[in-house]
Each structure stands twice: as structure tokens, then as C-alpha cells.
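Quick look at what Swiss-Prot lists:
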TOPO_DOM  1-37  topological domain 'Extracellular'
CARBOHYD  Asn15  N-linked glycosylation site
CARBOHYD  Asn29  N-linked glycosylation site
TRANSMEM  38-63  transmembrane segment
TOPO_DOM  64-72  topological domain 'Cytoplasmic'
TRANSMEM  73-93  transmembrane segment
TOPO_DOM  94-118  topological domain 'Extracellular'
TRANSMEM  119-140  transmembrane segment
TOPO_DOM  141-163  topological domain 'Cytoplasmic'
TRANSMEM  164-183  transmembrane segment
TOPO_DOM  184-191  topological domain 'Extracellular'
TRANSMEM  192-211  transmembrane segment
TOPO_DOM  212-240  topological domain 'Cytoplasmic'
TRANSMEM  241-266  transmembrane segment
TOPO_DOM  267-279  topological domain 'Extracellular'
TRANSMEM  280-300  transmembrane segment
TOPO_DOM  301-317  topological domain 'Cytoplasmic'
LIPID     Cys315  S-palmitoyl cysteine
Amino acid sequence: MSVQGPQRRLLGSVNSTSPAAPRLGLAANQTGPRCLEVSVPDGLFLSLGLVSVVENVLVVAAIAKNRNLHSPMYYFICCLAVSDLLVSVSSVLETAVMLLLEAGTLAGRAAVVQQLDDIIDVLVCGAMVSSLCFLGAIAVDRYISIFYALRYHSIVTLPRAWRAISAIWVASVLSSTLFIAYYDHTAVLLCLVSFFVAMLVLMAVLYVHMLARACQHARGIARLHKRQRPVHQGLGLKGAATLTILLGIFFLCWGPFFLHLSLMVLCPRHPICGCVFKNFNLFLTLIICNSIVDPLIYAFRSQELRKTLREVLLCSW
């Protein structure tokens with residue numbers, strides 16, 4: 001990543017005599033002796049990345065194989081899996097190259113490694129932006145399917161879905177390129193943080209509204225069966241728990257990374273903020289964990305997809 005010094009891992013590996021120069025002027029000793037730094041072993045990071053790669057490859061393969069899954073909703077889920085796959089592959093590739101450089105197995109000039117690092121950074125940033133976009137697209141798709149059920153297939157058509165998907169990928173590539181090129185501009189960081197907040201608010205509003213509609217529907221059914229309280233309370237608790245898990249995981253996995261970006265704008269030289277900066281690799285690990293959890297939340301809950309997944313695993317193409 002290109003947002004702050006210690007995470008420029010490839011360049012730091014080439015010049016082992018001196019650590020990579022921190023970006024935005026953060027001093028190496030600025031964080032003080034009392035900072036809590038959570039170290040993520042490279043083996044654990046690689047293992048999580050590989051698990052994410054396998055999961056998301058299976059999701060893409062299952063959707064590609066089953067024509068019944070060739071619908072806008074599953075195309076959004078497939079693109080989310082591709083985004084998570086790119087995040088994991090890029091992170092694993094960067095870590096693997098860094099380990100090979102440190103071990104002396106791989107030799108490279110600083111200029112070459114700089115170019116490789118920039119390419120990986122663009123992939124990671126673009127995949128992160130597209131992942132957030134497709135999470136929002138899935139929320140919008142589900143919202144339309146509930147509140148405009150009779151008109152859903154006329155609103156969410158395949159051409160419109162493909163246009164939305166194309167726009168998301170183009171915007172992700174352009175924004176990630178600009179982010180890497182102008183990483184030291186405050187406006188770029190503020191745009192990324194604002195984008196995350198917008199996606200969080202969008203998902204929260206849509207899913208809360210969907211939960212309210214589900215509870216309202218349950219109350220109507222309960223009145224007909226004269227079992228209002230048990231049915232309504234049971235569905236309300238289940239829906240609230242699902243909503244809490246969905247938004248909680250999203251915020252837990254993505255929030256620390258964007259907190260890091262926010263603090264880079266607000267207090268890049270403050271010792272307390274420096275303590276947060278030292279845990280950047282932990283924040284990347286949480287994003288990898290999100291790439292592992294996404295298929296469980298959005299893909300594997302589908303019975304049709306699970307059935308196809310079993311066929312894929314049994315190689316019955």
C-alpha cells in the first residue's frame with residue numbers, strides 16, 4: 001500500500017540497511033514506547049489470504065457454471081467475489097515477494113521493485129473500492145427486490161446490471177490510480193474516507209428499512225393467526241441479529257483502515273495517532289478477513305449456489 005511508510009514493504013526489503021522512509025513525514029520514533037503494536041505473522045497473513053482466494057474462486061466458478069445463477073443479483077455477488085479475490089491475491093503476492101527479497105532468493109533493483117509495488121498498490125486500492133461498491137450494489141438490489149417486488153425484473157435488468165458493473169470497475173481503476181499518484185494530497189484521502197462513510201450509511205439505511213418492512217409484514221401475518229407477539233418478536237430479534245452481524249462485520253473489518261486514513265489527515269505527526277499507524281498491517285489483515293466472510297454472508301447462504309459448489313468440488317463439469 002502507498003498510504004504510509006511502514007507498509008511500503010517491498011522497498012523496505014530491497015534496502016535492508018535502512019527502513020523504508022515513512023510517507024507524510026511520520027517519524028519512526030514518534031509513537032513512543034507505550035504504543036500497542038499488534039504483530040501479524042507473515043505465515044498467518046498468507047494463510048488467510050490463501051483461504052480467501054480459494055473461497056472466492058469457488059464462488060466465481062459456481063456462478064459461472066450454473067446458468068440459473070446468471071442473474072443481476074448473482075452477478076453482483078460474483079463481482080464482489082472477484083474484488084475480494086484481487087484484494088487477497090495482491091496482498092499475498094506483495095507479502096510473498098517481500099519474504100523472497102528478505103531471504104535473498106529474489107534479487108531486484110529498487111526501481112523495478114518500486115514499479116511492482118505501485119502496480120500491486122493499484123490492484124489493492126482498486127479492489128477495495130470495487131468491493132465496497134459491490135457491497136452497496138447488493139444492498140440496493142435487495143432493497144429493490146423487497147420494496148418493488150412486482151417491478152423488480154423491469155427495474156433491475158441485465159443490461160442495467162452490466163452497465164452498473166462496468167461503471168464500478170472503471171471508477172475503481174481510475175480512483176485507485178489517482179490515489180496512488182496523489183497519495184500525499186489531503187483531498188484524495190478525504191474522498192476515500194467520505195466514500196467509506198457514504199457506503200456505510202447507505203447500507204445501514206437500506207438494511208434497517210428492509211428490517212422494518214419485514215417486521216411490519218410479520219405483524220400483519222401475526223394478526224391473521226392471532227399470534228402477534230411471539231412471531232413478531234422472534235422475527236424482529238432474528239432480523240436485528242442478522243443486521244447487527246452484517247453491518248458489524250463490515251464496520252469492524254473496514255473501519256480501522258479508514259480510521260487510519262482519517263488520522264493521516266487530522267494528526268499525521270501526533271504520537272497517539274502514530275500508535276494507530278503502527279498497526280496498519282493488522283488493518284490489512286482485517287480486510288482480508290472480510291474477504292473470507294463475504295462469501296459466507298452473501299454467497300454460501302444460497303441453496304442453489306451451495307448445490308453448484310458441491311458439483312464444482314466434485315469436478316462434475
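Including glycine, each Cβ sits where the backbone N, Cα and C put it.
Predicted, not measured: the structure shown is a model, and the values here were computed from it.
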Chain residues in Cβ proximity to the transmembrane segment (119-140) (below 8 Å; excluding those fewer than six residues from its ends, i.e. six or more beyond): 1-2, 10, 73, 76-77, 79-80, 82-87, 89-91, 93-94, 164, 168-169, 171-173, 175-177, 179-180, 192, 195-196, 199, 202-203, 206-207, 250, 254, 287, 290-291, 294, 298
For the topological domain 'Extracellular' (267-279), residues assigned helix / strand / coil by DSSP: 7 helix, 0 strand, 6 coil
Spatial neighbours of the topological domain 'Cytoplasmic' (64-72) far in sequence, C-beta under 8 Å, 6+ residues away: 78, 141, 156-158, 160-161, 302, 304-305, 308, 311-312, 317
